[in-house]
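Asks: What follows is a single structure, and I will ask about it in a moment.
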Amino acid sequence: MRIAVLALQGAFLEHEKMLRELGVDCFEVRQLQDWQQKKDGLIIPGGESTTQGKLLRDLGLLAPVREAVESGLPVFGTCAGLILLAHDVEGNSPSAPVPPRLGTMAMTAARNAYGRQLGSFHTEAFFKGAKCNVPMTFIRAPYIMKTAGNVEVLASVDSRIVAARQGNQLVTAFHPELDADTHVHEYFLKMIKNR
Ligand code: GLN
């Protein structure tokens with residue numbers, strides 16, 4: 001198994017480290033040429049979704065990545081990655097043009113909706129994908145305001161959805177790559193194996 005990790009900006013190194021700990025091979029996607037390699041899944045890391053969206057567009061990656069996800073390539077988006085996958089986003093600056101994104105998952109993400117300070121916290125909550133509690137680190141986090149279609153809610157914190165899955169797409173508003181617990185990554189690897 002070989003996983004592509006989008007490495008344009010943000011916390012991609014931590015995902016790579018976790019994958020290696022789990023014995024899984026990965027490679028960084030920094031340009032279109034990297035994307036051509038054979039891959040079994042894609043991780044879109046946390047960071048800054050506006051920056052990542054613009055880079056995806058400017059590097060010519062937006063359309064091919066969207067096409068791959070729509071054709072069933074398993075994808076795991078954390079935090080900014082969740083925003084990039086969301087079909088709709090609330091909380092973008094009303095005066096700026098709407099930042100480019102993949103928009104493949106049937107949900108509305110609320111961006112920076114906790115407020116600057118409250119968006120960063122650590123907790124533990126039930127993750128349905130592993131049937132146990134997992135640590136959750138939130139950093140200026142989004143949450144999922146609304147889901148549609150066959151989106152399955154996998155975790156909520158204070159009645160806000162913070163993890164969900166729709167077919168081949170998995171998202172978390174928190175950063176499992178920043179904690180030692182590997183349950184969420186293992187769940188993603190299972191999604192790939194069961195494909
Ligand atoms: N607030 C960031 C954004 O809107 C996401 C934060 C994160 O990925 N840790 O893109």
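Just so it is clear, glycine is given a Cβ too, placed from its N, Cα and C backbone atoms.
Nobody curates TrEMBL annotations by hand; they come from automatic prediction.
What TrEMBL shows for this protein is this:
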type     : residues                        : note
ACT_SITE : C79                             : active site, nucleophile
ACT_SITE : H175                            : active site, charge relay system
ACT_SITE : E177                            : active site, charge relay system
BINDING  : G47, E48, S49, R111, I139, R140 : L-glutamine binding site
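Burial and contacts for the listed features, if you can.
Replies: The Cβ of C79 (active site, nucleophile) has 29 other Cβ atoms within 10 Å, all protein chains considered. DSSP assigns C79 (active site, nucleophile) to coil in the three-state reduction, outside any helix or strand.
In the three-state DSSP scheme, H175 (active site, charge relay system) is classed as coil. Applying an 8 A CB threshold to same-chain residues 6+ apart, the list for H175 (active site, charge relay system) reads A11, E14, G46, T78, C79, T137, F138, I139.
Annotation note: E48 (L-glutamine binding site) sits in a coil segment as assigned by DSSP.
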Asks: Using Cα coordinates, what distance in whole Å links S49 (L-glutamine binding site) and E177 (active site, charge relay system)?
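Replies: Approximately 17 Å lies between the Cα of S49 (L-glutamine binding site) and that of E177 (active site, charge relay system).
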Asks: Over all shown protein chains, what is the count of other CB atoms within 10 A of the CB belonging to R140 (L-glutamine binding site)?
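Replies: If we count other Cβ atoms within 10 Å of R140 (L-glutamine binding site), we arrive at 17.
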Asks: Can you count the other CB atoms that lie within 10 A of the CB of E177 (active site, charge relay system)?
Replies: 26
Asks: I'd like to verify something. Among the recorded positions G47, S49, I139, R140, E177, which ones have a C-beta closer than 6 angstroms to some atom of ligand 1?
Replies: G47, S49, I139, R140
